[in-house]
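**Student:** Attaching a single structure in structure tokens format; questions to follow.
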Amino acid sequence: MFRPDIQGLRMLAVVAVIADHLFAWPAGGFVGVDVFFVISGFLITGLLLREHEKTGRISFVGFYRRRLKRILPAATMVVFASVVAAFFIFNRIRFDQTLWDGVWATVFASNWHFAAAGTDYFQADGPVSPLQHFWSLSVEEQFYFVWPWLMLLIFALVTRRAGRSTIAARRTVGVAIVVITMCSFAWSLYETRTSPTLAYFSTFSRVWELGIGAAVAVFAGAFAGIPNAVRPVLGWIGLAGILVSLFVVSADFAFPAPWAALPVASTALTIVAGTGGPQRFLWPLMNPVSTYLGNISYSLYLWHFPLIIFIGEFMAGDTAVFWATTLAAIAALSVLSYHLVEDPLRRSAWLEPKTGGRSRRRPPARRRLGESSPLALSVLGVVIAGATVLVIAAFSVPVPAPTPALAAMPPSAAPSASTTPAAPETFAATLQTQIKQALTATAWPELSPGIDDLATLSFDPVDANGCAPSNPQGKDCSSITVADPAKTAVVVGNSIAVAWLPGIRAALEPQGWTVVSLAMIGCPFVDAETVNPDEGVTGACPGHKEEVVETINRLHPALVISSNVYGTEFASSAGYATATDHWAAALDSQFAKIEGSVGTIVMLSQPPRGTDPQSCASRVSSPRDCVFSPPAEWASFATAEKRVGDAPQRTFVNTLTWFCTNARCPAFVGTTPVKRDSTHITPQYAELVAPLLSDAILGVPTS
């Protein structure tokens, strides 16, 4: 039975998701996905129940045939169009990533793929995939790979014992889905607390949302007794709950559990209000516009995110022109996709069983377009998508200004760590000149390493994995010895410190120093419990820091060089007015544990976090697209570190001018990329600034 209120809910869900991705507003727009989950659980479970009650069986061939016809054509078209667009727009490494994203999306496993990337320390801040939104489709399809079979098993067991009692079977299915929902919600609570990124994408942490919808379908008969006068009240309460979710819930909330319960329960209440009786007066959901947008909501959902990503390659993402262009493209492609591909193929005889050489049913002539030429229509959709991108490119790519490209500078002007070291003042001035030239460059020089090679850069595990046994991949720090503590420098911190290591070694080792890495990725050297997306890192970090303190106090090195990521998440910040106050106190307390055993502690500021060159550098971009300004929090944390450094045996080194000038920072200097991602400097750039590191570190008294 057609439910206009449910189509209205679909409209609300997809509009919320699009607004969140396009405008970053409302704060909780992402809960639209949770609304979709409840609707899906309700509709599919109801369909299976009605089929079993009518025929005494569930046709899995028929069920999955309907799912394929509903999901596959439009999804395949969007995946294919996105991969083709990525080939022409993205750099090679990002195209490769998009291609694999498409593979995972096609086999309905992209949620696990993106969960793995999100919990990978070096992929979490990487370029956003134009196919990332396929994760929710994967969750739904994985649920439907299991739930119908479980229902059939329950039906078989119950009807064997209780005859053909559909009431007993329905009740047993209801008990099963309630138990599954409760278990999934409990797991979601745990996983949200311990591994929030994994919880967001995990099927096990999301099943309870589909389960709520399924439970409403199972117990639909109980809602027939709701007085008609009460139904609009329930519907409005449910709608209000969804709207509150959109504006109250944010990325800072524990999600999906417990806070997804608000939009999930509200959606369920809205569906209940129209189940078993008429739903009236819910005009925001039950009007022709809402119904039509609900009808095309699947196409809207599929197309919106790739278009936001690809059009964003040509336009600044926070302008009215970008918003208007993107909305127009989303609307056009979604309408065409729905009417030319999605709906015709769903209604066609495609995949239907044949009887005597003919399909069992034949669609009207006006619908045969989808049956007769699905491939042609898919190609048409791709052509439309490509034409949209090309038109945007033609009118949006900026015309280069008449400024000199960096590559035109004489080679002798470029600073290099491999040449005879210049005086620090001369080197710093030359570096600033190169930074200014990079900021005005209109063409990409031949970079070394190239942008496509940045993703292949990796840290030496010996340097990056910290101390065993706390970290099983780490080294035995208790066995480390040095020949001359007076010429030994120990590097501590997280991956920021590891990224500095090539430059630190280039600065100190030629002068007879031994450099020992006691850093560990994901584990800042502070006296506080920190949180990392990787549970293993979070668990290993405290023990690793204890090992580091013991090792430093045993080695008595002349130097300890510390560098950490700014904005580290603490397990608890109780008692501190600001995050920077907590940061300063945690650093100060940690340094106090080793000061009696070291000569000097040198703090290197984090290179300012900025734009990921793998994301901003594309076939249609210019170097200016990768220029960024240091975030406001950088100055706050650097100031806090400077306060910690204003003490005997401590020195703070502000490295901002090594990367930026006048609060603007380029993606490369000379022919050297500065960052491998948004946070970590490349080994080549660390070595390039070795003269500055040498001056900053060895210019400090070591006794």
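Just so it is clear, glycine is given a Cβ too, placed from its N, Cα and C backbone atoms.
Take a look at what TrEMBL says about it:
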type: DOMAIN; residues: 5-336; note: domain 'Acyltransferase 3'
type: DOMAIN; residues: 484-693; note: domain 'SGNH'
type: TRANSMEM; residues: 30-50; note: transmembrane segment
type: TRANSMEM; residues: 71-90; note: transmembrane segment
type: TRANSMEM; residues: 143-160; note: transmembrane segment
type: TRANSMEM; residues: 172-190; note: transmembrane segment
type: TRANSMEM; residues: 210-226; note: transmembrane segment
type: TRANSMEM; residues: 233-251; note: transmembrane segment
type: TRANSMEM; residues: 257-277; note: transmembrane segment
type: TRANSMEM; residues: 298-316; note: transmembrane segment
type: TRANSMEM; residues: 322-341; note: transmembrane segment
type: TRANSMEM; residues: 375-397; note: transmembrane segment
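Thinking about packing and proximity, how do these listed features fit into the structure?
**Tutor:** Summed and averaged per residue, pLDDT over the domain 'Acyltransferase 3' (5-336) gives 93.
Residues 45, 49, 150-151, 154-155, 157-158, 199, 202, 204-208, 211-212, 214-215, 218-219, 256-258, 260-261 of the same chain lie 6+ residues outside the transmembrane segment (172-190) yet bring a C-beta within less than 8 angstroms of a C-beta in it.
Sequence-distant contacts of the transmembrane segment (233-251), counting only residues of its own chain at least 6 positions beyond either end whose CB sits under 8 Å from a CB of the stretch, comprise 5, 9, 12, 16, 26-32, 35, 226, 259, 262-263, 265-274, 279, 281-282, 284-285.
Beyond its flanks by at least six residues, the transmembrane segment (257-277) meets 3, 5-6, 9, 28, 31, 34-35, 37-39, 42, 185, 188-189, 191-192, 199, 205, 208-209, 212-213, 215-216, 220-226, 228, 231-235, 237-242, 244-246, 248-249, 285 of its own chain at Cβ-Cβ distances under 8 Å.
Counting only same-chain residues 6+ beyond the ends of the transmembrane segment (298-316), those with a CB under 8 A from a CB of the stretch are 14, 17-18, 21-22, 36, 70, 74-75, 78, 81-82, 85, 89-90, 128-133, 322, 325-326, 329-330, 333-335, 337-338, 342, 388-389, 392-393, 396-397, 618, 620-621.
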